[in-house]
Amino acid sequence: MPTETTSPSTRIAIVGAGQVGGAVAYALILGSIACELLLVDVKVDLRDAQVRDLSDVAYATGAGMRVRAATHHEAGQCDIVIITAGSRYGFGETSIQHMHRNASLIRNVVKAMTPFRSDAIVLVVSNPVDLLTSIAQELAGLPKFQVFGSGTFLESVRIRGLLAEKAGVAANSIQLFVLGVQGDCQVVAWSSATINGIPLDKVLSPETFGHQELAKECKARAETIFSAKGATPFGIGSVVASICASILFDKREVRPISHYQPEFECCFSLPVILGRNGIMKTIDMPLASDENAAMARSAHRLKSAMELTDKK
Ligand SMILES: NC(=O)c1ccc[n+]([C@@H]2O[C@H](COP(=O)([O-])OP(=O)(O)OC[C@H]3O[C@@H](n4cnc5c(N)ncnc54)[C@H](O)[C@@H]3O)[C@@H](O)[C@H]2O)c1
Ligand SMILES: *[C@@H]1O[C@H](CO)[C@@H](O)[C@H](O)[C@H]1NC(C)=O
């Protein structure tokens, strides 16, 4: 039985059924965000085990969602294709070598799915997310507004949560974005932060929270989680499910998403309006001059990485 809220044939594919792919699937099933979920992985045993485990979740919710194994080609024919394929550090591998391996992984994954259904939406989650989104976009053969990455959405959610704890205000009453290229260069857009539309510094005195400490804690969290449990699945899982809901239910929510920036010819995060066709519009966010400069620096770093991986 199709769910009431999605059209009868809605299908989402997850390519890379590891820790993150599994958590994305779990969140999608609990939210009944599609009718059918297709899992793809080169590790066939792992893929099939995930299908069985997640089918139990679907049986338990009783919403009638189906989970099954699929090929890359079938994944490319879905409404949304989520790329969560990844590679672990090889023994003695340098970070440059690993970056090349990550770049060639996404090329193989995207090529194995082309030609995509013409209205498919491709959502890249694998890291380094902005680099891999930029590569996927070049190869997918789809309009640019249909290929994007989870970008700094998780970081934005996280910093709102951290600030909420300090300020004693609910996180969903805080508007604050982490933007730019995810990772070392990401930019917290403090200058445009508000609490229900009121500038942050009018509501909270900066002494009650430190900009720098919060930005640092936001960046460090992923590593802290990763070093203890070897993956960071749940946060990204729920963020990705929320992106899928924005798309399939045409919600027009404003989210920080990695997408094509014509000025820099690569993908990184700025707020967008998300709807059924993908990126409906970039929100031109007014930033302070130091924030704009930091955004440009982050974009140039990404461009250098792109040039490096182009040569291989
Ligand atoms: N964007 C974010 O905010 C964010 C957050 C957390 C994790 N991630 C990223 O998500 C990715 C997955 O992380 P994980 O912890 O699940 O790793 P994992 O190793 O548990 O899972 C990755 C899976 O991808 C599979 N895979 C490899 N090559 C494939 C191919 N060509 N086709 C299909 N599947 C393939 C592997 O077999 C493996 O099962 C990583 O790149 C990680 O860095 C991103
Ligand atoms: C390559 O991808 C893995 C996950 O798939 C990620 O943990 C790692 O940071 C990436 N390496 C580089 C150098 O970007």
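Including glycine, each Cβ sits where the backbone N, Cα and C put it.
Automatic, uncurated: that is what TrEMBL annotation is.
Per TrEMBL, domain 'Lactate/malate dehydrogenase N-terminal' is recorded for 11-149.
Under the heading transmembrane segment, TrEMBL lists 12-40.
In this view, Gly16 (NAD(+) binding site) is surrounded by 25 other Cβ atoms within 10 Å of its Cβ, with every protein chain counted. Residues or ranges marked as NAD(+) binding site by TrEMBL: Gly16, Ala17, Gly18, Gln19, Val20, Gly21, Asp41, Asn102, Val125, Ser126, Asn127.
The average pLDDT computed over the domain 'Lactate/malate dehydrogenase C-terminal' (152-308) stands at 95. Feature annotation from TrEMBL assigns domain 'Lactate/malate dehydrogenase C-terminal' to 152-308.
With a cut-off of under 6 Å between the Cβ and any atom of ligand 2, the binding-site residues Gly16, Gly18, Asp41, Asn127 reduce to Asn127. Proximity of distant same-chain residues to the transmembrane segment (12-40), defined by a Cβ-Cβ separation under 8 Å and at least 6 residues beyond the stretch ends, is recorded for 2-3, 5-6, 46-47, 50-51, 53-54, 57-58, 61, 63-72, 74-76, 78-86, 109, 113, 125-126, 230-234, 236-238, 240-241, 244-245, 248. Secondary structure of the domain 'Lactate/malate dehydrogenase N-terminal' (11-149), assigned with DSSP and counted as helix (H, G, I), strand (E, B) and coil, comes to 68 helix, 25 strand, 46 coil.
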